[in-house]
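**Student:** Quick one: structure below, then a few questions.
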Amino acid sequence: MLSFFKYQGTGNDFVMIDAREVEINLSQEEIAAICSRRFGVGADGLILLKNADGYDFRMVYYNADGREGSMCGNGGRCTVKFAADLGIFEKETSFIAVDGPHEALLIDDKVRLKMTDTAAVAEVDGNSFYNTGSPHVVIYSDNLGALDVNKEGAAIRYNEYWQAAGGSNINFVELKGSQSIAVRTYERGVEAETYSCGTGVTACALDAWQKHQMKSPVAINTLGGQLEVSFEQKTDGSFSNIWLEGPALRVFKGIW
Ligand SMILES: N[C@H](CCC[C@H](N)C(=O)O)C(=O)O
């Protein structure tokens, strides 16, 4: 018998397991079955919270397809909330994930997560590209609500270039105001649109500054709610001091 928790951050949802005292060995098929919306618990990913020397904890993130993923921003925020709920820290924490160390703060029911420093924009296959811990393509739309994100996202994610390059997450952005954007994301590893993608909205905020002079902090509307991204740009065009903030909530506890 194993207990697990379900968390969501702006509708990006995760099965969360406290793996500090127990050895969890789940196969790719088992993780995919747990994440399945119809045959399992249902989630965009599964996260193990483990012990880590020199840090409060380690986050190990698997995409819904059962493969270990690159960094997940909303998953990171949910893991921080999980760690606080487990009594690991009270206000401030530092943890390690696949893309390196992260700091985070708890502000009421919101989690403010420091993201990895990000290289300057690259033009890849005709679009802006950033690696904010995960690979992200940024594409603008002036009618985001009407977009078929599953169709348009898959067409790019599976085109010749990205197939050879290992795939990417594909974000569609609509400019909304002087400091606000709306974003919809097709996620690699889920292979569908999710309600929100933390590393994705981070890439979009950086690009809104780079291409449209949008000032930090940028408010981002996603299908699952509001996020905020703040950042600084260095003279070489790269970005540092990037913070992603938004709600992260426990949804339920279960046993299997
Ligand atoms: N939903 C995640 C992104 C996961 C990235 C994953 N889809 C991959 O490319 O491995 C987030 O909030 O940042």
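Every residue number used here counts from 1 along the chain in the order it is shown.
Backbone N, Cα and C define each Cβ position, glycine as well.
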**Student:** Would you identify which residue of Asn159, Asn169, Asn171, Asn221 TrEMBL lists as part of the substrate site it also attributes to Asn12, Asn63, Gly73, Asn74, Glu187, Arg188, Gly198, Thr199?
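**Tutor:** Answer, per TrEMBL (substrate site with Asn12, Asn63, Gly73, Asn74, Glu187, Arg188, Gly198, Thr199), from Asn159, Asn169, Asn171, Asn221: Asn169.
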**Student:** Could you check the binding-site residues Asn12, Asn169 and say which one's CB has the most other CB atoms within 10 Å?
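**Tutor:** Per the Cβ count, the most surrounded site is Asn12.
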**Student:** For the substrate site (Asn12, Asn63, Gly73, Asn74, Asn169, Glu187, Arg188, Gly198, Thr199), what does the 8 A shell look like? I mean other same-chain residues with CB within 8 A of the CB centroid.
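**Tutor:** What remains near the Cβ centre is Asp44, Gly45, Gly69, Cys72, Gly75, Ser134, Thr185, Thr194, Cys197, Gly200.
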**Student:** Three states by DSSP: which one describes Cys72 (active site, proton donor)?
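**Tutor:** It is coil.
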